[in-house]
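Colleague: Per TrEMBL, the feature Ca(2+) binding site maps to Trp25, Glu27, Glu38. Among the features that TrEMBL reports, Zn(2+) binding site is placed at His86, His237, His241. Annotation source TrEMBL lists transmembrane segment at 65-87, 99-116, 123-142, 148-170, 191-209, 238-258.
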Amino acid sequence: MSLLQIPYREARDGFWGEQTSTLNWCEEDYNITYYCAELVNTLTNLMFMWLGVKGIRNVLEFKHSPIFLLAYVGYMVVGLGSMAFHATLKYEMQLADELPMIYTVFIMCYATFSYKRSPRTQLLIASIMIGLGIFITVYYLYAKNPVFHQVAFALITATTVFRGFYVMEYQLRPQLRERNPIVCSRIMREMWTLALVSIITFVGGFFIWNMDNIFCRHLTTAKNQLQLPWSIVLEGHGWWHILTGLGAYEMILWRIWLVRCLGGDEEKFMLDWRPWSSIPKVVPRTYKGATKSS
């Protein structure tokens, strides 16, 4: 075991110089490499790149609504911003991480509230979203309070999710009962399962992140005893990236499947997904690459 243990760097100086960000995490700065402040927290954002590419391919290949293409692009921008933030610990890169989170969830919020609305109403909703986005940006740049950003992100996300639940139960379920009662229960069950798995994954990441903050001193001691590469599993903020990346991807897929069913396409498309064991996608029922039978 000792032959496979690699000690951390002793020096804490780094390529990007002094930290200017208002936040820092439990992973010790530059303790793995001189060129990256938080290597594990940086590399775990590759989850956003991988799933973002999968999401974009899914939207383009099966011609889902273009709004979801924009959502996945925003999703990848969040991952890139987070990589830049954790690699440098610079304030400008912190903003490149945090502000795209707000803008991307506003895209999903717009997709949720503007569906099947008149062009005039869609324009009004878009104007409200843009106005709120500008207000949050300006106030956050002025206050520089991370708690404000976190609360704003949580409120917009919760509003979007609960609106989706309402649409699912009070619009989609009655429609399915009327036009396709045989599959209604199955589709609603898998849709609720996908939504709940997404939320559980997201909340699980949030829980680990908080435990990482609370028990940082003890975790740091344990990491220095375990040494690399085993100590990587104790980097809680890295697990936050992995779990929230997966949860957010699943949430966008949930909305894609909801829109397809609201449009009456449940006979043409299917949710290709095995809970907890595969990455979901919405594909035509004739798709040969599906892992689940139609």
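Backbone N, Cα and C atoms are what each Cβ position is placed from, and that goes for glycine too.
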Colleague: Can you tell me which binding-site residues out of Trp25, Glu27, Glu38 are within 10 A of His241 (Zn(2+) binding site) by Cα, answering none if there aren't any?
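Modeller: Passing the 10 Å Cα cut: none.
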Colleague: Cβ distance under 8 Å to His237 (Zn(2+) binding site), same chain, sequence separation 6 or more: which residues?
Modeller: Trp25, Cys26, Glu27, Glu38, Asn41, Trp209, Asp212
Colleague: Using a Cβ-Cβ cut-off of under 8 Å, list the residues of the same chain that are 6+ residues beyond the ends of the transmembrane segment (99-116) and lie near it.
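Modeller: Beyond its ends, the transmembrane segment (99-116) has Cβ neighbours at 65, 67-68, 70-71, 74-75, 77-78, 81, 122, 125-126, 129, 132-133, 136-137, 140, 149, 152-153, 156-157, 159-160, 163-164, 167, 251-252, 255, 259, 262.
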Colleague: Can you tell me which of 123-142, 148-170, 191-209, 238-258 gets the most C-beta pairs within less than 8 Å of the transmembrane segment (65-87)?
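Modeller: It is 238-258 that shares the most Cβ pairs under 8 Å with the transmembrane segment (65-87).
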Colleague: Per 10 Å Cβ neighbour count, which of the binding-site residues His86, His241 ranks highest?
Modeller: His86
Colleague: Tell me the Cβ neighbour count for Glu38 (Ca(2+) binding site), meaning other Cβ atoms within 10 Å of its Cβ, over all protein chains shown.
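Modeller: So the number of other Cβ atoms within 10 Å of Glu38 (Ca(2+) binding site) is 27.
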Colleague: Residues sitting near the transmembrane segment (191-209): Cβ under 8 Å, six or more positions beyond its termini, same chain?
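Modeller: Result: 161, 164-165, 168, 172, 236-237, 239-244, 246-248, 250-251, 253-254, 257-258, 261, 271, 273, 275-276, 280.
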Colleague: Tell me which of the binding-site residues Trp25, Glu27 sits in the most Cβ-dense spot, judged by other Cβ atoms within 10 Å.
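Modeller: Max Cβ neighbours within 10 Å, all protein chains included: Glu27.
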